[in-house]
Amino acid sequence: MKRAVLLVLLICVAVAGTWAYRRWNAPKGLEILETAQAQRTSIRDVLVATGMIKPQVGAQIKIGARATGTILDMRVRVGDRVRKGDLIAIIDDREIRKALASDRAALEAARKTLEEVQRTYPQRIREAEARRRLARITWQRENALIKEDYTTREALDRARSELDAAEAVLKRLRREFETQRAIAQARVQEAEARLKQDEIRWSYTRITTPIDGVVMDVTGQEGETVVTGLQVANLVTVMDPSKLEMQIYVDETDVGRISPGLSVEYSVDTYPERTFYGTIEKIYPQPVVRDNIVYYLAIVKIPEKDALLLRPEMTTYCRVVLTRKDGVLSVPNSAVKFEAGKQVVYVVTEEGGVSKRQVQVGIRGEDRTEILSGLEEGQVVATKFVPPAGRRGRP
């Protein structure tokens, strides 16, 4: 009998305790304005940052002048499209053209001298060889005749002297031919080198673009004098509009959360309804300080089809997708409250009552928060409500 009475008392205490806990835990005077169901959805943890459109390395080239002189013709204006090799400016070349004319005349004279040497000396050498052959025959004949006493010693000596003289002349002509030919060839080479050098100088007066692109800046005007020195005088800036990249300014507190390979969504003011997509390729190790805040640049290459729509120095509004989960239980961000050091939600019961539940949360996305425990799929939670009068204005 005592056991039965004790059991009844324990049940009563438990029921009373549960009722008291629910009464204490249930918010008093809470006015629910909006609700939502706990559902299984996809959630993305996103880092929001700003960026800037920049030309890739090598996409923008400053074209300068290497010749000193007056600009006679500036053939491009800002915004003009140019192709590789197009003539964009001409610098006064009168002095160089005079030098070229002199070089060509000197080269022609040097070539004629070489031709003269190559034409006359072989002929003179052949004549000397013929005289030597004749002198040798004469000497041989006199040498044979003296053995028979048909000639004199004086005639033999004279024949020998003529042979020696003919051989000396032949040797001298051969040496002269080699020397004069080498001198003439050297003068031709020198004249060719001067002509080539001046042709290069003349080419500097014709300024062409080395890439296809759009003229971004023109700093020279017709009639201005360009003076070259230690630095090349820049005249025109050309950029290939198909080679752009985006530099995302990542705060130093967030740089540890990003890495190459993460997906990026971004937009620009000029196309507010359009979203562009890319991938982080690298993160520069060198920091950038702006307004006393340290940033690191995350680089996103822009596809050519998008680059044709964008312009350098455009501001971009970026969302870096850090994590994505599909099919997880979630509620709107506004449903999760932080109270007394705990994450809680307010569950609306079928009877219309409200119960505060402590929950364990996962990733917090742009508009929904992952619920790991403390809530079941389909339960209704308050997303907007008016707290009791006594709690209004309290944290």
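Backbone N, Cα and C define each Cβ position, glycine as well.
Please treat TrEMBL annotations as automatic predictions, because they have not gone through curation.
Annotated features, as they stand in TrEMBL:
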| type | residues | note |
| --- | --- | --- |
| DOMAIN | 60-237 | domain 'Multidrug resistance protein MdtA-like barrel-sandwich hybrid' |
| COILED | 156-201 | coiled coil |
| DOMAIN | 330-384 | domain 'CzcB-like C-terminal circularly permuted SH3-like' |
Problem set entry | the domain 'CzcB-like C-terminal circularly permuted SH3-like' (330-384), counted residue by residue under DSSP: helix, strand, coil | 3 helix, 34 strand, 18 coil
Exercise. What mean pLDDT score does the domain 'Multidrug resistance protein MdtA-like barrel-sandwich hybrid' (60-237) have in the model?
Worked result: 91
